[in-house]
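Trainee: There's a structure below that I have some questions on.
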Amino acid sequence: MEDEKNENLMTFIQFCATFITITLFIMPLKTIRLIIEKKNVGTVAGLQFISSVLNCFLWISYALLTSNTTMLFVNSIGMMFSIYYVFNYWKNINQVRASRDYLKKVMIACVLAITIISISYYNTVDDLDTRISRLGFLSSVVCVLMFASPLEKMAIVIQSKNSEGMIINVAILSLLCGLSWTIFGLLLNDIYIYLPNILASILSFVQLTLIKLYPPQILL
């Protein structure tokens, strides 16, 4: 009976994590379509899309090592969307120098991905556990660095007492996403899944709190 309850809980959490995460991956689609329509990236930051490709690639690699079909499915979809975003963002950068700089960032991400995979597989021919630990740790570090990027924006919000630019729907979805993957990781007893997502949940909660404390204002 207890096993059945745990299995039902796992199925429910898998569904929630999958649905919410894919929804988050789809959300930038509207922005990218506007960029394509205007043939200009405007003030949209493109690094987020490169980071998303790198993050998805690393977790796909981790999912393959651990035979985690849920993570494999979600991050494969996320990677496809993210590559689409990166390509169309780069294609619509009007300045030659900015376009080259963006390509350099893409190349750096590729080198970083290859380096992480190489470190994870180095001298671990018959040692799957070490390979999993290395890749899980390094993927978590990259994940945590991504989550830390909104901290600068939060500091600006606190100083200006204005949360303009923070979207409440995204913050809510991010919180739910972090919580669902945290529970998923805890059920699997996988520290490399639940630890970075605990941090993601905390940061999303802080964002929601800031939006509540400092409602968005249009500054003239």
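Just so it is clear, glycine is given a Cβ too, placed from its N, Cα and C backbone atoms.
Look at Swiss-Prot and you will find 12-92 tagged as domain 'MtN3/slv 1'. Sequence annotations record features per position, and here Swiss-Prot assigns domain 'MtN3/slv 2' to 134-217. According to Swiss-Prot, the transmembrane segment annotation covers 9-29, 44-64, 70-90, 106-126, 138-158, 167-187, 191-211.
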Trainee: What residues elsewhere in the chain lie close to the transmembrane segment (106-126), defined as a C-beta under 8 angstroms and at least 6 residues from its ends?
Mentor: 50-51, 53-54, 57-58, 61, 86, 90, 134-135, 138-139, 142
Trainee: Pairs of Cβ atoms less than 8 Å apart decide it: which stretch in 70-90, 167-187, 191-211 has the most with the transmembrane segment (9-29)?
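Mentor: So the stretch in question is 167-187.
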Trainee: Residue list, the transmembrane segment (167-187) vs rest of chain: Cβ under 8 Å, 6 or more residues beyond ends.
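Mentor: Distal contacts: 6, 9-10, 13-14, 16-17, 20-21, 23-24, 27, 70, 193-195, 197-201, 203-205, 207-208, 211.
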Trainee: Apart from its near flanks, which chain residues at least 6 from the ends of the transmembrane segment (191-211) lie with a Cβ under 8 angstroms of it?
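Mentor: Long-range Cβ neighbours of the transmembrane segment (191-211): 62, 71, 136-137, 139-140, 143-144, 147, 150-151, 154, 157-158, 163, 166, 168, 171-172, 174-175, 177-179, 181-185.
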Trainee: Summarise the domain 'MtN3/slv 2' (134-217) by DSSP state, stating how many residues are helix, strand and coil.
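Mentor: Tallied per class, the domain 'MtN3/slv 2' (134-217) gives 70 helix, 0 strand, 14 coil.
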Trainee: For a three-state summary based on DSSP, what are the helix, strand and coil counts in the domain 'MtN3/slv 1' (12-92)?
Mentor: 68 helix, 0 strand, 13 coil
